[in-house]
Structure formats: C-alpha cells, structure tokens
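*Asks:* Sharing a structure here in structure tokens format.
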Amino acid sequence: MELYESTYFIVLIPSVVITVIFLFFWLFMKETLYDEVLAKQKREQKLISTKTDKKKAEKKKNKKKEIQNGTLRESDSEHVPRDFKLSDASPAEDEQFVPAPLNVAETSSSVRERQKKEKKQKPSLEEQVIKESDASKIPGKKVEPVLVTKQPAPPPPLEAAALKKKAGQKKSKNGSEEQDKKVEMLMAPSKEQDVLLSHQDTKQEGGLGKKKGLSKKQKSENVAVLVDEPLIHATTYMPLDNANSNLMMDKREIIDMIKPDHVEGIQKSGTKKLKIETDKENAEVKFKDFLLSLKTMMFSEDEALCVVDLLKEKSGVIKEALKKSNKGELSGLLHQLQEKERLLSAMKEDAAASKERCKRLTQEMMTEKERSSVVIARMKDRIGTLEKEHNIFQNKMHASYQETQQMQMKFQQVQEQMEAEIAHLKQENGILRDAVSNTTNQLESKQSAELNKLRQDCGRLVSELNEKTGKLQQEGVQKKNAEQAATQLKVQLQEAERRWEEVQSYIRKRTAEHEAAQQDLQSKFVAKENEVQSLHSKLTDTLVSKQQLEQRLMQLMESEQKRASKEESLQIQVQDILEQNEALKAQIQQFHSQIAAQTSASVLAEELHKVIAEKDKQLKQTEDSLANEQDHLASKEEELKDVQNMNFLLKAEVQKWQALANEQAATAHEVEKMQKSIHVKEDEIRLLEEQLQHEVASKMEELKILSEQNKALQSEVRKLQTAVSQQPNKDVVEQMEKCIQEKDEKLRTVEELLETGLIQVATREEELSAIRTENSTLTREVQELKAKQSDQVSFVSLIEDLKRVIHEKDGQIKSVEELLEVELLKVANKEKTVQALKQEIEVLKEEIGNAQLEKAHQLSVTSQVQELQNLLRGKEEQVNSMKAALEDRDRGLTGRGTCAQVCSTPQFEELESVLKEKDNEIKRIEVKLKDTESDVSKMSELLKEVQEENKFLKCQLSHQKHQQASFPSQEELQTVISEKEKEITDLCNELESLKNAVEHQRKKNNDLREKNWEAMEALASTEKMLQDRVNKTSKERRQHVEAIELESKDLLKRLFPTVSVPSNLNYSEWLRGFEKKAKACVAGTSDAEAVKVLEHRLKEASEMHTLLQLECEKYKSVLAETEGILQKLQRSVEQEESKWKIKADESQRMIKQMQSSFTASERELERLRQENKDMENLRREREHLEMELEKAEMERSTYVMEVRELKDLLTELQKKLDDSYSEAVRQNEELNLLKTQLNETHSKLQNEQTERKKVADDLHKAQQSLNSIHSKISLKAAGDTVVIENSDISPEMESPEKETMSVSLNQTVTQLQQLLQEVNQQLTKET
C-alpha cells in the first residue's frame, strides 16, 4: 500500500481541515489573552533589581506612605476583585481551550484523582487562603485567573494538612516557615505556566483534536469554581526565582491590579457626595505617588505581611463585587458554552459525513482498482498473445529470410564455381596459344637457319661450277639418278598431302556434326520453351475457367438470395393478409357486441366466443408454424456454418495437396469426362432454376389473387357496415351470398392450383434424387481417381479443383433442396391460410344471417314510427347519411383506386426491379466477356514476356553449365512433349466449350429480355383492367344513389300530395324546401294533442337517431383504429423488411469477405505454383547447363586429341626430314667418290676438247636454273634442313630437291597455322 492509496491519508485530510478551523476560531478568541501575556512578559523583562544598600530607606518611605494612604488601600482593595473580574471573564472562553495541564509529567490516573479531590477540598482551600493571608506577610501570589489551564493544580493533600496545622499556631512565630512553604508550592505551578506559555502555540493544534471531551468537562468545573470560590481566582501561582524577584513581582502585580480598580473607584465615588473635589484630586495625586513608590520599593517580610493584612480586610467587599459580577457573567458563559457545543456537534457531524464519504471513496477506489486490475490483466494477456503472434511471425520471416539467404549463397557459390572454371579454361587456352606460338617460332628459326646454310652452299656451288666446268658429263649421269630420287620424294610428299587433306576432311566432318548437334539441341530447347508457354497458357485458361465458374456460382447464390428475399416478401404479404383478416375479425366482434347489446341474446355471445376460440387456435397454429420456420432458418444458418467449416477444411486439404505438383497425362481423359458431366449438371441446375422461377412467378400471381380476394372481402364487410347503418334491402344480402359463392369457387381453383404445384414439387424432388445419385456416383469416381493418384500424382490440382466444383454443386443442390422444402412449407402455410379463409367465409355467412335477423327487428321497430314529421326527419337524416356515405364511398373508391394503383405500383416496381436485375446480369455477362477478351490479350502479352524471360534464361544457362549433373533422355522428352500436346488440345476444347457457354448465356439473356417485355405488357394490361373495374363500380354506385334519391322523393310526394317543390333543385335543397312546406301544412291542420304526440315521437326518433349516430361514430372509430393498425402493421412490415435487408447485406458482406479470402488463398496457391514452376525451371536449366558443360568437356577432349594428332604429324614430318637429311649425307659421300673419279678423269678431259662445248652449253643451263632457284628462295621463307658441307655435286642435281622440300614445308606450316587459328576462334566463342 502506498501513501496515496492508504485510508489513513483519506482520514487525515478532513481531521486536518477541522483542526485548522478550530485553531482559527481559538486564535480569534484568544487575541486579548495573548496581548495580556505579551504585556506581562515585557513587564517582567523590565524589572530591574535594586541595590541592597537602599532597602532601609525604601522601607521607611513605604511605611510613611502606608500610613498616609491607609484609606486609599481600602478603596483600592475594593477594586481588586473587579480587576480579577475583568481579567478572568474576558478571556474565559479562550482559556478553556488551553490544552496543556500544569503538571506535564502527570499521568491520566493522577489527573482523575485530582479531579475527584477538588470537590472535597473546596472548603479547605478557602480556609487555607484565609489563614495564609493572616499568617503571611510577604506577598507571594500573583493575581491571575485559574482558568488559564484546563485542570487547575490544587496543592497536594499533605501540604493542605500542614497548612491547617500551622493555621492554629501563632502568626508571628511561624510566619517565616509558611512563607518558605508557599514559595515552594508556588515554584511548581509557575514553572508549569512558563512551559505552557512557551509551548502554547505548538500544543494547541495537537491538543484540540485529542481533548475535546476534557475541555467540555473543565468548562463546567471552571464555571462552578467561579461561582463557589471567588477568592481562589485572586490567588494563582507564579514562578519565584529568588526572594528579591518575588517581592518585585508582587509589587508589580499589585500596581497592575490597582490601576484599573482605581479608575472604577473614581467612577463609584460619585455616591460619596460629601467629599470635595479638592480631596479627590489630592487622593489621586497620593495614589499616583503610592504607585510610583511601590514600583521602586523593596518590601521586607513584615512590610509584606502588613500589606496582605490590609488587603484581607478589604476582601469582604471584593467577595460581594465578585458575586454580583459572576451572576451576570454566568448566563453569558453558559450561552457561549451552548453555542460552542452546537458548533462542536455540527463539526462532529461534518466529520462523520466526511468519514462516510472517505469510506465511500475508499470503496470506489477499491472497486476501480479491481476493475483496473482486471483490465490490466486482460490487456496483459492480450499483449502476451500479440507478442507471441508477433514472435511467431518474426520467426517465420526470419526462417524465410534465412532460406532466401541460403539460396543466394548457393547461387553465389555456383557463380563462383562457373567463374573459376571459366578462368581455368582461359588459362588452358593461353597455354595452348603459347605452345603454338613457340612451335611456330621454332619452325621459323629453323627455316631461317636452313636458308642461310643453303645460301652459303649456293655460293660455294657457284664457285665450284666455275672451277669444274669440264665435269658436266659425269654430272649428267648423276643428275639422272638425282631426278629419280626427286621423283620418289615428290611421290612421298603427295602422299603426305593426301593424308593432311584426309585429316582436314575428318576435322570438317566433326565440326559439321558438332554444329548439327548444337542446332538439334537449340531446336529441342525452343520446343521445350514452346511447351512451357503452352502449359502456362493452359494454366491461365484453367484459372480463367475457374474464375468464371466461381462467378457463375456467385450469380446463382445471388439469384437464390433474391428468391429468398422474394419469398420473404411473400411471407410478409401473407402476414399482412392474416393481420387484415384479424382486424376484420375484430370489427365483426365489435358488431356482434353491439348487436348483443341491442338484442341481449346470450346465444350469439356463446357462438362468438366459440368463433374467437377457434380463431385463437388458428393464430396459435400460425405462431407454431412461424416458430418452426424460425427453427428451420436457424438450422439453415447452422448448415451454412458447417459449409463454411467444410470450405476451410477444403482449403487446408488444398494446401496439403499443393506439394504434389507433378503432372501426368494418365487422368486427362477422365478429367474431360468429369468436366462434361459437370456441364451437364450445370445445365440441369439451370433448368431447375428456371422451373423454380416459373413456380415463384405463379405463386406470386396466386398471392396477388388472394390479396385481391382479401380486398374484395374487406369491401364487402364495409358494404355490410353501411347496410347495417342504412338498413339495406334483401337484394344486397343476396348479392353478398353470390359473392361468397364466387369466392368459394375461386378458393377451389386455388386449391387445385396448389395441388398441381405439389405434384410438380414431387416430380422435382425425384429429379433431385436422380441428381443426388449421379453426384454420389461422381464422388465415388473421384475417390477411385484419388486411389489411382496415389500411384500417379500428376494432375492432382485439376482433380482437386473438380472436387471443389463437385462440392460446390452438391452445396447448390442442397440449397435447391432446401428451397424446395421451404416452398413446400409455404404451400402448406398457404393451404392453412385457405382453410382459415374458408372458415372466415362461413363465419361471415353466419354473421350475414344474424344481420338479416337484426334488420327485421329494426324494421319492426321503425314501422312503429308512423307519423309524418318523424318520417320526414328520419328520411332527411337518412338522406344526409346517404350523402355522407356516398361521399365516403366515393372517397373510398378513389382511395381503393389509389390503393390498387399503389398495390399495382409496388408489384410493377418489383417487376421493374426484376427486369433491371436481369439487365444488370446481362451487362455483367457482357463485362465478363470483355474481361475474358482482355484476359486473352493479357495472356498473349504474358506469353511474349515469358519468351523474353526464356531468352534471358538462356543467357543464364550459358553461365551455369557446371551445375548440371543429369540430363533426361530423348524418349522422356518426347513423352513430356506428347503430354503437353494433349494438354494443349484439352485446353483448346475447354476454350471452345467456354465460348459455347458464353453464346448460350447470351441466348438466355435475350430470352430473359423478351420475357421481361412480356411481363411489362401483362402489367400494363392488368392496370387497365383495374382502372376499368374502378370506373364500373363508381358508375354503379352513383346509379344506386340516384335510384334511392328518386324513391325517397316519390315517397315524400305520396305522403304530402299537396306539397309541391320544383324538381330542378339538388336533392338536399329539395328536401329543405319540402320540409318547410310540409311543416307549414302540418301547422295549419294539427291540434295541440297531436303536436304533443308528435313531439314525443320526435324525441324517440331523435334518440334513435342519436343512437344510430353513436353507432356510426363507433364504426368510424373502429375503421380509424383498423386503419391505424394497418398503418402500424405496414410500418412494422417495413421495419422487418429493412431488418431483413440489413441481414441480407451483412450476409452478402460475409460472402464477399469469404470470396476475398478464397481469392487470396487462390492467389497464394498460384504464387506457390509459380514458385514450384520456377524451381523446376531452375532445376531444368541446371541440368541443361550440366549437359552443356559435358558437351564442352567432350569438345575440349576432341580438340586436345586433334592437337595431339597434329603433333604426331609434325613428328612424322620431322622424321621424314631427318631421313631426307641422311639421304643427302649419303649422296654427298657419293659425290665425294665422284669427285675422286673426276680427279682421275681430269687428265682424260684435257684430251676431250670436243666435249667441252657440250659442257659449256650445260653450264649455261645450270646458271639459268640457279637464277630461278635464287628467285624462289627469296620469295619463300622456307628451306631445307639438309646441310651439305663439302659437296662436289653439281647444282643442277640439288636444286629440284630443295625446291620440293621448301614447297612442302611451307604448305605444312600454313596448314598448321590455319588449324590453330580455327581452334582459338572456337575457344573464344565458347567463353
């Protein structure tokens, strides 16, 4: 408990306020006493101790002054009690509230003992005071009132006894001892009074609230003390510090007491007339001198005792004055005490009220705390639940975020792996390029070295040719041999070229095959993309079809709701008819009561009671039927709730089945069959709905017929009322009977129609049973399909959608069945209403018979009225009433016409509303068609976007090759393609079926429009018929009124043939003129007696007239009441309609909310499906990339093999060059041998000069060949590796070999460079 919540704090506030109020009053009353105390304290502070040396002189002066002023002391002593009176009575009220006692250390027990002892010691105290005054010579008492404290402290009992003993002794001996004891006794109360004066302000606040009872007791005790002990008031205690100070204080107090008493003595000395003014002035001067001397004197013990004795001598006068003054003051004090007690009682009451308020506030605070604690607990629970939900949601978000991060990390890892692999491939390509460049550089260096060597050889050969021109013949033979070797080398080179061409053709074939494979893969990829697009389009088409089916279901639900509202309106109309019948029954009961009052027939009353009992039973039956309908509605609401729960369960199952997203083509044909059966069922349901609409329209017409019959009955009842008031003829009764017969026939026709309707309902129930059987078979088939789907998980989503559709169709069928049941109940209620109407018609027949009897009785009564004046007046009144009735009828006819128009207008408005609803439905369907077209366009756009996305994915596939681990075979791809093609065909068929459904719906809308126009024409024809009927009835009524007027005129003319009135006048004016002339005729012929008789009869007629008027007024009041009841009923019906509309709106809102939730769940499903598809696409892309990576690796391996083959070719070529080099060495050796032979034959050449010419010719040819070789070597940068150091062979033999070798080397180098360039280009393309 905190401080502000504790009850102590609440209790302390009012107590503090009360203490503050008391302190305020106490301080206000205590101001005089407080001023006196301040003055006394100042006086005490001004006392100055005189010197001891001047005591004797002062004593002498005091003795002289006492002798001189002896008389004055007596007069002054008389005034001392008055001073006491003024000092005690003025602050008495304030002194009573001083809280602190004299002895602060005393306990409550000692205080009680002292209060008891005060009463006993009052006489002893008086004696003690007298004895002390006689015995003591030192004035040791201060004149102060005892009422300064609440409990005056009397002397203890031991001290009182000692004082009594000392009083018996001599004064002279024991004076000093008594003075010492008095000083000791006075010390304690004086000290206590100092404590009180110092702590008075602080203790007043706390003491007032605690000791109110003690203050009240002490007030009464102090008053008693004032009455009984006047001398004690003059002897209060003061503190005494030492002997000198006591003396000075006594003198000071005596002077203070004498000053006011002297003034009073001067006022009272007016009685002493003998004294002279001069003596008074001298006495005043002496008294002033005496006062001054007292102020400066220091008394001894003897002198003080003398002063006390003189004062005691004057004490008798003081007692008398005190008694006189106290008597006047007691009444004032008592009055003040009473007022203060009243104030205290009022303050106590206020305190009690404040305590009660505090208690109430505490209770309210406790209740509010409890409420707040409950609210806080609820809020804490709510906050806890919200925090839990928030934590769960955060955990879900965190998990999803972690999953996304994991996916991103995986994707980054894949990218990094791809980049690493790409870098590795680039490195390998660089290595290969470096190797190729190194090989080319090496070949070029070798060729350049060989060319240099060849040049050197050519120079040497030229020199040798110049020297050895004579040896050409032998060289010719050698040339032939060399030519043969060259031909062999050429053949070998041709074979090498053929092998190179074969290698190139093999490489080209491999590249062509690789390109064809790539093209095949690209075509397959394009086909797959097309398949994906087709699947996407199929899914979108299926979604669109689902949405269309949902929209159709919503339309069906809305139409059912509209039908329910129409049926409710029909029920309301039936209730209105029943209420109108009840009102008519009430009117009939009132008529019966009036007739019973006139005829006093008990039999009629009993019959009426029976009828009322029967009608009460019927009402109870209707109420029971209404209760059953309400129970049925409650059961329907429970069924709706069950359906909603089923929907939620189905949604949960849908979420479970979403994981199984793989599709297969095994159940496609079965799905198509199911869809066809569903379409057939939808057509059947539409036919049933149309039949129900026709039935509702027929029942509406039947209700209209019943309402018209009810109106006709009401009009007939009104006719009966007017007939009773106007005494109609028997023809009217016959007409009523005919009308009743016609109504019986109509009721029979209605019963027949109801029977036919029941037959139709039975047939429809059979149809519904057949549909149920079909649905049961379909559900079984669906269950079988589920069993199949456990093995084959494909097309699960489609089957689930079909299940949903089947469930929805079952729900629709159930709703149709419920509607049929409701219609059966309505038919039963209508049959009950028909029976009630039959009973009412029978009752009306009985009432008509009773009315006929009553009319006969009234005719017998009216036949007694024979005299002319009564007849005239009666006829005039009848004519007036007829006029009023005619006017009322005209008004009623107009009102009925308006009512009929109003009745027709709401029906017309209902039909118009129906037409508008149909038009709105047509517009909705058109809007849906437009939406479908827009959806198709959107789908085409989506396809384009998907194609673009596929292109983008292709680009991504090139980056994600290494993630592909497995690739499906071509057979699986073909199966998938065939399945997708089948799905595409199915979707096309569905599109065609949807288009046919749209066209069928358009045809239906056109038919509905035509029907609406026909209904409008039928309404117009019915309105015309109603207007014609109204006109006919008004004409008939006017003719009837005119016939009655003519009959009345003829009657009057027959009665008074002498009276003549012009016939051109109106009926009312004609009656007035006829009345005046008839009165004139009767006045001339009648006698006094006849006049009296006539007057008597006139009075009777007037009484009858008044009675009839009263009855008319009653009927009018009844009609007004019925109209008011009808208006109230209409209002109640309108209110109920508004309530039902509100409920319908709420149900529609609930349905919309459910639809929105369903659409949201569908969107989530679509989103999940798309995510699954994306995952599948990514998986496929991964597989495709892995396949491509494998292909790239295969290509890489092929390239490596090709490079190896090229290296092998290079090695073979090098081997061939080495062989040619060895052959060249061998030929050099042969040339050396030939040189030796040439040296041998050199001698022979000198002889053969004839042959030198030939050699010269050969040399010329050799020079030409050498020039050609030099030109070829300068053009080409290739040469032979053969080094011929010392060759004696002629240049004509070596030149063709060099040429052939250089040509072959150049060709091989160019071919190798081309191959390397092609390899580099392919690698760059792949990267």
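Quick reminder: no glycine exception, Cβ is built from N, Cα and C everywhere.
Predicted, not measured: the structure shown is a model, and the values here were computed from it.
According to Swiss-Prot, the feature topological domain 'Cytoplasmic' maps to 1-8. According to Swiss-Prot, the feature transmembrane segment maps to 9-29. Annotation source Swiss-Prot lists topological domain 'Lumenal' at 30-1327. What Swiss-Prot lists as region 'Disordered' is 49-181, 197-216. The N-linked glycosylation site feature in Swiss-Prot is assigned to Asn69, Asn1031, Asn1066. Under the heading coiled coil, Swiss-Prot lists 329-1327, citing sequence analysis as support.
Each of the listed features needs to be described in terms of its position in the shown structure.
*Replies:* The average pLDDT the prediction assigns to the topological domain 'Cytoplasmic' (1-8) is 54.
Cβ contacts within 10 Å of Asn1031 (N-linked glycosylation site), excluding its own Cβ and spanning all protein chains shown: 12.
A coil conformation is recorded for Asn1066 (N-linked glycosylation site) in the three-state DSSP classification, outside any helix or strand.
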*Asks:* Given a separation of at least six residues and a C-beta threshold under 8 Å, show me what packs close to Asn1066 (N-linked glycosylation site) in the same chain.
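*Replies:* Long-range Cβ contacts: none.
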*Asks:* Hey, does DSSP put Asn1031 (N-linked glycosylation site) in a helix, a strand, or just coil?
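*Replies:* The three-state answer is helix.
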